Structure formats: structure tokens, C-alpha cells
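Per Swiss-Prot, the features are:
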type	residues	note
BINDING	Gly15, Gly16, Gly17, His18, Ala19, Gly20	FAD binding site
BINDING	274-288	NAD(+) binding site
Amino acid sequence: MQRIDRTRFDVIVVGGGHAGVEAAAAAARLGAATALVTHRRATLGAMSCNPAIGGLGKGHLVREVDALDGLMGRVADRAGIQFRLLNRRKGPAVRGPRSQADRKLYARAMQEALAATPNLSLIEGEAHDLAVVEGRVTGIVLADGRALPCAAVVLTTGTFLRGLIHIGERTMPAGRVGEAPALGLAATLDRHGFGLGRLKTGTPARLDGRTIDWAGIEKQAADDEPVPFSSLTDRITTPQIECGVTRTTQAVHDLIRANLHRSPMYSGGITSRGPRYCPSIEDKVVRFGDRDGHQIFLEPEGLDDPTIYPNGISTALPEEVQRAVLRLIPGCERAAMLRPGYAIEYDYVDPRELDPTLQTRRVAGLFLAGQINGTTGYEEAAGQGILAGINAARLAAGSALAVLDRAESYIGVMIDDLVTHGVSEPYRMFTSRSEYRLSLRVDNADERLTGRGIALGCVGAARARHFAESQQALAAARARLDALAITPSEAARHGLALNRDGIRRSAFQLLSYPEIDWPRLAAIWPELAAVPPRVAERLRTDAAYAVYLDRQRSDIAAFRRDEAVRLPASLDYGRIAGLSNELRLKLDCVRPHTLGQAARIEGVTPAALTLLAAHARRADAAAPAEA
């Protein structure tokens, strides 16, 4: 990555957060001359809130970004200082890899990855305006007046669009602490008629770990065998650390209740919605009044950084109240507050303004990714960013744009949810959002998406080679399992109790039994001991879910049939007899691309779908004549 080496680009990405870096790197991997515009080079890849990657649902997104040769997984593996596999006791489909990260190491590793990316230039500056001619973006204008022409723009503005920080009664315009908001771009989007709304998020105070009484605090260790995010990572080499666990007390809750009138969420200073699944401590105290305490994870921000992130007490109370609250938390009675917590409000664009490609419908060549689309979280941003970057590069090259659907990825689930339903609060990924989650597991992200990425041009040679080798190893091991078989009598001699029905069962079928693991199989067939652990674990999961996956494949086939029925972009819903006015308004707002997407709009009835299918068939029949 160079500072700037040209005056015209194929793709310009605005914003260097988690969506922006993935968008820029993806576009560059496709061969597009790409510029990444950010206020300061030093903030590229910054973790603005919690120093962690992954988690339930989110870990799936990281694996999918990695499968498309994105950066987040590899960078998180380099910077991770506490790896834990969440939901380990539950089924493989809902387990979530998570890593506490060294904040400085993560940013440095991300910047190094970008620097090693060909076709990518860095421009330090503020994007102030879009150049739009006849409904198509032709470039951007920087705050210093420089015009940068291009074929496609990706906006990844995070919380910067008219960002406003709240700490008690005090407010300050900012995109995050110490950085100015993006006012010009917000005005530009207004001018072009985009539907803008306001959302809010928050962050807790930062503490000095040297002033915390760790002796009386419960410790949470990293996993003994860290599970990496990237399929290209053989093992984790970064030292692993412990986190602390403490709780709020009744005295904390009483103090917060006594000062609710000073919190902007309760004084009327903030009226926008925040993330439901990451509430402030004020919201926790109000919504869960019967609880005598709320868990707080004391998470170190780095191996050589004393800063502690107290996960669980995001707040916008006045600074002096925050200090008083700390005095009442076990272990934090003498903790020094390095920076107060705050809430931040920002503009977002109604994601129903987007196509599933993440291109806006109002301005051709303009793509949006990340919090500007109403999502929350680094991983959600990265998932959108990589698809937006791919499609921006493909548009610049004159190629067809790509869509990831619900049946192949959590990225597809997220984008379909956004463009179909919009948001009323910041959108967070959970495995429960997918109806195909047995098929969309963290262990098969490569199989689902890397081949697709190779076809799209976003996967480099090293990953393509690794993918081919791993698929060959998987296929060979599966073929061996299918070829090996045993009768119930033979199994009994090995200590396995099977139904005495005389039926020979393959090793793959045996692997579906909960009590039969890979070592038990290897005791019967010693050659299986040579199968790599990753391959063995993957095959055991496939075997355990085999019956259910067969059913799900049938469901996915039905889904794909509905997705194959395209609805004309010019379809006038107001002229379709039999649709209620309410449905006409909803359909006109979303403008579904397929019959399947229309079916997912709230209130759309089977009768309405029949009418839409009839219009789609008529449009298909008329297409050859029009051509």
C-alpha cells in the first residue's frame, strides 16, 4: 500500500475501520486500482470499542471473511491474547470462536497486511462530498478541495456521520473520541434523497489495570488449545492471558438509579435506539430491576498495556458518577479511570435503499458497508465490507455483481435481513437468525465460500492452493470412512454395542454415534490415526448431522427455486390487482429482487406470492420478444 500514486482510481473506499479495510483489500485483490481514504493512517484497523473479535454468530462471520481471503481472521490470529471457543458444550453449528486482542498489535498487523496488498493506495484526508453525474458516482471530493475520480465508491463511515458524543449533560461532535465527525458526507446523502435515521452505541470507561485489586477477582483463562480463526493459521504463537470477572452490586444499582436523570438515555438527550444485546449499565439496571448484580469482564487491552476494558458497564453517565460507580465494584474500589465511558449517536442509511450487492439504488456505483447500514460490531462490518469491495471492483471492471444468499453464508443472512426488513435498532448477528445453521458452520466456511471467492477473483494463490489441498484431504478421508465397514458381531469384539441386525455399517455411519469418537475408530482401523485432527473433527460433525443435513438440503433446494424466480426491477406494484394497499407500500419500499425475498417481507401472503409469480412468468415470457 502506497500513500498515493495516481489521480484516478477504479475504486475509492472511504473509512479505514473494519468494513473499510476489508472493502479496500478485496477490491485490490480483484485487480482494481483502489484508494483507501482515511483521516489518519495510524487509525487504520482501530478497535474503537471492545478489544475482541468473534463470539456467538460473529465468529461465523470472521470465518466467512477469511474464506473469501479477507484480513480479519489472520490479523486476529496474530493479535489474539485470549482465545476461547464459546458454546463448547453445545452442538458444532452454534459454537463461536472468540479472541481477546491486543489492541495495538491488531492495528499494527492490519496496517502491515494492507501495506503488503498490491493495487492499494492510502490517502490521508476527509471525504467531504460525492461527485455524481446523471445518477452515477464519478468520484469523491476531499475537504481540501481535491477531486478524485473513480468508477465506484464504498462508504464505510462507521459512527462518523454527524457523530455526537454524550457524557452526562455534556455533548461534543465527534466520530469517536478525539476525531471529528463526517458532516459533509451526511449532507451529501441528504441531498441525494437517502433515508437517514439515527442510532446510538456506547462504550465503557477505560481503567488502569495497575490500580485494580486482582487478588479477590475471579480469573478466566484462555483455552488450553486455542482455535484459530483463519484456515491459514497452523497455531497461535502470541502469549495468552487471563481476564478478570467481577460484578456490580446493589449499591451500584442504587447509585445509578439515583442519577438516571443525568444519563442522556433517560434525560431526553438521546432518543435514538441502541443495540438491544449490548445495553448500557443504565439500561440493565432499569430493565432487569430484580437482578442483584451484572457480570463485568475485566479485559486487558494488550500484553504491554495496563489499560483494562470493563466489558459490561457501557455508560453515558457524568464522569464523576462513573468514578463513584467504580468505587462500589469489587476489585475496582481504587481503580483509576483513564477515560470515561460515553454514548455516541450517528446517522445511518435505511438499508432498504440497497440492493443485495450493497450498491445503492439511488446512486449507481455507490456501495455502503458497516454501521452506515444500521449494523453493530466489527465482524458484521467486515462481512459487509468484503462483499462491497468485491462488487465495487467488479462494477469498475464491467463484470456482473455478486450476491451471497442465506443458504450459503451468514454474510448472506445479514445482508438479506438488512435489505428486506431494514433496522429499528443496531443489527447484530446470531446463529438463530439463520434457518440453515446446521449447514452454515464455522468448520465448513471454506467449503461454502472459498470456491466462490476463487470464481469471483478475490482469493489469492496461496489460499486457493491451501483450499485445494484441504478439500483433497477431506475427500480422501471421507472416501476411506465410506469404504471401511463392520458388522455388529465384529463391532462387539471391539467393545462397540450395535443393534444385532446383521447390517454392515460404514466407519462414517459409526462416527455419527455420540459414544464413538475418532480414537475409537482408529482402534479398529489403525490407518485412520494418520488423518489430520481438523479433518477428523470436520468429518465427525458431518456424520453427527448427516440425517438433518439431508433434510436441510431439501429445504435449501426449495429456497433456491424461489430465489430463481426474478421479479422485474420495473414492476409497478400499484398496478397489480389483488394486492392490498399495505402490501403495495411494503413491496415498493423493499423492491424485492426475487420471489423468495418477497416471501420474507412481513405480511406478504401466499395469495400475494401467487400474483407476483404470475407477473414474473409474464415478464420472462415477454423478455425474448423485447430483445
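The backbone N, Cα and C atoms fix where each Cβ goes, glycine too.
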Residues close to FAD site centre defined by Gly15, Gly16, Gly17, His18, Ala19, Gly20, Cβ within 8 Å: Val13, Val21, Glu22, Ala23, Thr38, Thr156, Gly158, Gly370, Ala381, Gly385
Residue pair Ser280 (NAD(+) binding site), Gly17 (FAD binding site) - Cα distance, angstrom, rounded: 23
Neighbouring C-beta atoms (10 Å sphere around the C-beta of His18 (FAD binding site)): 31
Binding-site residues compared (Arg276, Lys284) - the one with the fewest other Cβ atoms within 10 Å: Arg276
Binding-site residues: Gly15, Gly16, Gly17, Gly20, Gly274 - member with fewest neighbouring CB atoms within 10 Å: Gly274
Cα separation, Cys278 (NAD(+) binding site) to Gly20 (FAD binding site) (Å, whole number): 23
CB contacts for Val286 (NAD(+) binding site) [other CB atoms within 10 A, all chains]: 17
Most crowded position, judged by CB atoms within 10 A, among Ala19, Cys278 as binding-site residues: Ala19
Lys284 (NAD(+) binding site) and Ala19 (FAD binding site), distance between Cα atoms, whole Å: 29
Local Cβ density at Phe288 (NAD(+) binding site) - other Cβ atoms counted within 10 Å: 12
Secondary structure at Arg276 (NAD(+) binding site), reduced by DSSP to three states: coil
C-alpha spacing of His18 (FAD binding site) relative to Glu282 (NAD(+) binding site), in angstrom: 28
Nearest-integer angstrom distance between the alpha carbons (Cα) of Gly274 (NAD(+) binding site) and His18 (FAD binding site): 20
Distance [Cα-Cα, Å, rounded] between Lys284 (NAD(+) binding site) and Gly17 (FAD binding site): 29
